[in-house]
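Visitor: Relevant sequence annotations retrieved from TrEMBL are reproduced here:
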DOMAIN    B:51-360  domain 'AB hydrolase-1'
ACT_SITE  B:S157  active site, nucleophile
BINDING   B:R227, B:D356  substrate binding site
ACT_SITE  B:D322  active site
SITE      B:R324  site 'Important for acyl-CoA specificity'
ACT_SITE  B:H355  active site
Amino acid sequence: MKRLRPDFALISEWIAQGSRVLDLGCGEGTLLRHLRDTRGVSGYGLEIDDANVVRCLENCVDVIQSDLDDGLADFFDDASFDYVVMTQTLQAMRRPDRLLEEMVRVGREGIVTFPNMGYWKNRLQLAVAGHMPVSRALPYTWYDTPNIHLCTLQDFERLCDEKGLRILQRTVVDAGHREQALAAVRPNLLSEIAVYRFTRA
Amino acid sequence: MPETLPADSVGLVTPHTRRFDTPLKLDCGRTLPGFELIYETYGTLNPARDNAILICHALSGDHHAAGYHAMSDRKPGWWDTAIGPGKPLDTDRFFVVAPNNLGGCKGSTGPNTPNPETGRLYGADFPIVTVRDWVRSQALLADVLGIEQWAAVVGGSLGGMQVMQWAIDLPERLRHAVVIAAAPRLSAQNIAFNEVARQAIMSDPDFHQGHFYEHDTVPRRGLMLARMLGHITYLSDEALRDKFGRELREGRINFGFDVEFQVESYLRYQGQSFVDRFDANTYLLMTKALDYFDPATERGQDLASVFRDALARFLVISFTTDWRFSPQRSHEIVRALLDADRKVSYAEIESQQGHDAFLLNIPQYMSVLGTYMRRVARECAQ
């Protein structure tokens, strides 16, 4: 899957030194490698793609090849990680709601990032131009996209509410993962990418 | 027969035999007064002696894992796809050691070698050996080869079980454990298949309670049936369908019990050719070793607790259409390693070939194995 340039600094600020991290949809293992090298983190990545699995091995990142849509029950006990991280993958899941529950079952805290469908430019493309949004954060055409469950910040927070997940922290950034002062005022409208840290309420 | 040897072949190889005169106490309670192991090596042991890889063979394997014994050989060793210069187990970097297990029939002490106590061939008197016994004997071989610690111990199927046992029993003596197409223990279904195979052999009138050598005969029909059954379980439904479908040999049904379908002819051929190269008693022993393997049993079936003793990094590989040891069985291994907080990577290889895939040249498989082993090589070069 094509990825946005991830801002690892942002996520790693939230992750305590020496903790255990599970990275869902870890791609080439770049985040885990970064966390290992800068924060002494240990952990595993989960990845479905053949080529990415090989890249993880090249990067000396421990990777478990598996389909996130099958859940985590096959491999992971309750509370076996400090953090379960999932960057830019939630929207591609068959049942994102179930996966969020799995994240807080397996980890003490969950961290997700996803593109905000409520971003003003997305709304504009749909409302004014009358077509599905295509942008840096959402670079796919509607018929050829891994993203099957797009949501807005409001949708996500409502789901967390329903599932009994407590949001500990939220940062909203643009597609370059830069924090935007203005976005903090009207996040659902002004942020392109959402980054959340949450736990079981 | 190769006219010339391929550039990525280890070439012509000669087996070595090593005699051990110290008694070996076995899990079954009996002691072998002494024994021999036959093995092949490929590549060169470096001065630091830290680039050695042990290859553990599966049920019907032996020490001839790569290369050719003679230019007239029809086929190379059983894992030639993976072992050689530039191949995943790169003999330009690694010193690869492939022994024939104790109880085998290709030169290591086993049922078809003389029993020093009686002077006749062991036959059914050869003690039942376990995966753990094999690890003990392989460690003795490592000692005489001057290998204190393997860079990696590698094996598929029953070989993968030996790898796990190595990591559990002798944690200091290997840095990496590569477990391919294996299971933490057999299922009832696996044991059932083994039992049918054993019954086929033992009920053959030529079996003579395992002392058929003295009767100058071989339980051909039984061993052939055992192999035919085994062969079905090594292949997937898809693989058989792709290869044969329901194709008829003569293009029509003859309403008889002769070979009609191509798949029947294939199985009979596989069974018959196996009889010429394998020993019935060894087949019985190897299937028993499979049945008994269960390292978690001593700790209340808590495999994770057993793996907590392991120090190696693990690579676990499974194949999607393997139903003898399905990916689900590898998940059990991976899960236990994760629970034990061990370092493990797991790859599930898409393939149509069933259990046999672990011997085949499947690009993603070779890429995973090769990438991992390059990392192992980098470590021992440091």
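Placement of Cβ uses the backbone N, Cα and C atoms for every residue, glycine included.
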Visitor: What is the Cβ neighbour count of B:D356 (substrate binding site) at a 10 Å cut-off, with all protein chains included?
Guide: 21
Visitor: For B:D322 (active site), which of the recorded positions B:S157, B:R227, B:H355, B:D356 has the nearest Cα in space?
Guide: B:H355
Visitor: Which whole-number value in Å describes the distance between the Cα atoms of B:H355 (active site) and B:R324 (site 'Important for acyl-CoA specificity')?
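Guide: Spelling it out, the Cα of B:H355 (active site) and the Cα of B:R324 (site 'Important for acyl-CoA specificity') are 6 Å apart.
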Visitor: Cα of B:D356 (substrate binding site) to Cα of B:R324 (site 'Important for acyl-CoA specificity'): how many Å, rounded?
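Guide: On Cα coordinates alone, these residues lie 10 Å apart.
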Visitor: Please report how many Å separate the Cα atom of B:R227 (substrate binding site) from that of B:R324 (site 'Important for acyl-CoA specificity'), as a whole number.
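Guide: Per the Cα atoms, B:R227 (substrate binding site) and B:R324 (site 'Important for acyl-CoA specificity') stand 14 Å apart.
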Visitor: Between the residue listed as 'active site, nucleophile' and B:R324 (site 'Important for acyl-CoA specificity'), find the distance joining the two CA atoms and give it rounded to the nearest Å.
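Guide: Here the two Cα atoms are 9 Å apart.
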Visitor: Any idea what DSSP makes of B:H355 (active site), helix, strand or coil?
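Guide: DSSP assigns B:H355 (active site) to helix.
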Visitor: Can you tell me how many other Cβ atoms are located within 10 Å of the Cβ belonging to the residue listed as 'active site, nucleophile'?
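Guide: Other Cβ atoms found within 10 Å: 27.
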Visitor: For the domain 'AB hydrolase-1' (B:51-360), report the average pLDDT of the model, please.
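Guide: In the predicted model, the domain 'AB hydrolase-1' (B:51-360) has a mean pLDDT of 96.
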Visitor: Let me check the 10 A CB neighbour count of B:R324 (site 'Important for acyl-CoA specificity'). How many other CB atoms are there?
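Guide: The Cβ of B:R324 (site 'Important for acyl-CoA specificity') has 23 Cβ neighbours within 10 Å.
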Visitor: Can you see whether DSSP assigns B:R227 (substrate binding site) to helix, strand or coil?
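Guide: Assignment for B:R227 (substrate binding site) reads helix.
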